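What Swiss-Prot says about this protein:
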type	residues	note
MOD_RES	Thr2	N-acetylthreonine
BINDING	Leu9, 11-12, Tyr15, Arg77, Lys86, 102-104, 133-134, Asp160, 163-164, Gly215, Lys218	UDP-alpha-D-glucose binding site
BINDING	Leu9, Thr11, Asn12, Tyr15, Arg77, Asp102, Ala103, Asp104, His212, Gly215, Lys218	UDP binding site
MOD_RES	Ser44	phosphoserine
SITE	Lys86	site 'Important for catalytic activity'
BINDING	Asp102, Asp104, His212	Mn(2+) binding site
CARBOHYD	Tyr195	O-linked glycosylation site
REGION	284-316	region 'Interaction with GYS1'
REGION	287-316	region 'Disordered'
Amino acid sequence: MTDQAFVTLTTNDAYAKGALVLGSSLKQHRTTRRTVVLASPQVSDSMRKVLETVFDEVIMVDVLDSGDSAHLTLMKRPELGITLTKLHCWSLTQYSKCVFMDADTLVLSNIDDLFEREELSAAPDPGWPDCFNSGVFVYQPSIETYNQLLHLASEQGSFDGGDQGLLNTYFSGWATTDITKHLPFVYNLSSLSIYSYLPAFKAFGKNAKVVHFLGRTKPWNYTYNPQTKSVKCESQDPIVSHPEFLNLWWDTFTTNVLPLLQHHGLVKDAGSYLMMEHVTGALSDLSFGEAPPASQPSLSSEERKERWEQGQADYMGADSFDNIKRKLDTYLQ
């Protein structure tokens, strides 16, 4: 159907690799809808050409250069730059209905049935289930909604500093108004939830349709060995106990995306065991993009509690299983 589309966003070349894997996985599972990627000016011309080979439409979005109220909002709320770029998805009025998907998601089966849902349909956020996670949602493009979201961003900002807080404020009735707008968790399975609720994953994980790689470390931050078809993980990494989705992401990348990057000169040498820090370097263990963000400064107990309540627990660091167990042991002795 040409009036419906899957939409994603990339704000740099690292996330563009995620978008390429997402777009490839949608095509692999034979979607009948169009695929669209919003790209900011930070995406290189070479990477944009690769995006054009996978997506039906590549739309450049520059909030700083826009003539609408998005520019004014950015001047007032500079911290919402990426959020305001994402909100542009509501301006795609050439489509009657869309499904937005973050670039760190991977499609595991055909999900065209999502277009039977109404705005705003989304899955619960694992950190605070009365809020929806904005990594996958069904929406209806509308200039009126777009302008109202910009006004809300300008006047109130976002309670979590990103698009999820803003969208949950705007669509505040999601939790209680209409249960049909609650997507099953399998449409937005958080990779961190596998670690935090393993019994449920063992019972229902086989039904997953979309996996969402939440957290600071993204699939492209890992190192992959094409010979063993496995990702190299640190022993304390939560994903190490169930790396199948991560390996699947990399399999999709090496099969469908890597040849395109090579063809466009973004990868010079894709040998069997290389290391690459930048997009155009030599490779060994396949490792693309930027390193994971540097460790955050230590937080107070109140700040950590606040992050937990916002679904931002540091599962890789202070809030790791080992640290939580160690703390519990001190009380149980």
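Cβ atoms here come from the backbone N, Cα and C positions, even for glycine.
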Subject >> Cα-Cα distance linking Lys218 (UDP binding site) and Leu9 (UDP-alpha-D-glucose binding site), given in Å to the nearest integer >> reply: 15
Subject >> Integer Cα-Cα distance in angstrom, Asp102 (UDP-alpha-D-glucose binding site) to His212 (UDP binding site) >> reply: 8
Original post:
Using an 8 Å cut-off from the Cβ centroid of Asp102, Asp104, His212, can you name the remaining same-chain residues around the Mn(2+) site, in sequence order?
Top reply: Gly18, Met101, Ala103, Thr105, Gly135, Val136, Phe213, Leu214
Original post:
DSSP on His212 (UDP binding site), three-state: which is it?
Top reply: strand
**OP:** State the count of C-beta atoms found within 10 angstroms of the C-beta of Lys218 (UDP binding site), not counting that atom itself.
**Re:** 20
Subject >> Listed binding-site residues among Ala103, Asp104, Asp163, His212 whose Cα sits within 10 Å of Lys86 (site 'Important for catalytic activity') >> reply: Asp163
**OP:** Provide the number of Cβ atoms within 10 Å of the Cβ of Ala103 (UDP binding site), excluding the reference atom itself.
**Re:** 24
Original post:
Which binding-site residues from the set Asn12, Arg77, Ala103, Asp104, Asp163, Gly215 come within 10 angstroms of Thr2 (N-acetylthreonine), judged by C-alpha positions?
Top reply: none
Original post:
Looking only at Ser44, Ser134, which of these recorded positions has the biggest number of Cβ atoms within 10 Å around its Cβ?
Top reply: Ser134
Subject >> Alpha-carbon distance [Ala103 (UDP binding site); Arg77 (UDP-alpha-D-glucose binding site)] in Å >> reply: 24
Subject >> Long-range Cβ environment of Asn12 (UDP-alpha-D-glucose binding site), under 8 Å and at least 6 residues apart >> reply: Ser40, Gln42, Val43
Original post:
In whole Å, how far is Ala103 (UDP binding site) from Gly215 (UDP-alpha-D-glucose binding site) when you measure between their Cα atoms?
Top reply: 13
**OP:** Measure from the Cα of Lys218 (UDP binding site) to the Cα of every one of the recorded positions Ser44, Asp104, Ser134, Asp163, then give the nearest.
**Re:** Asp104
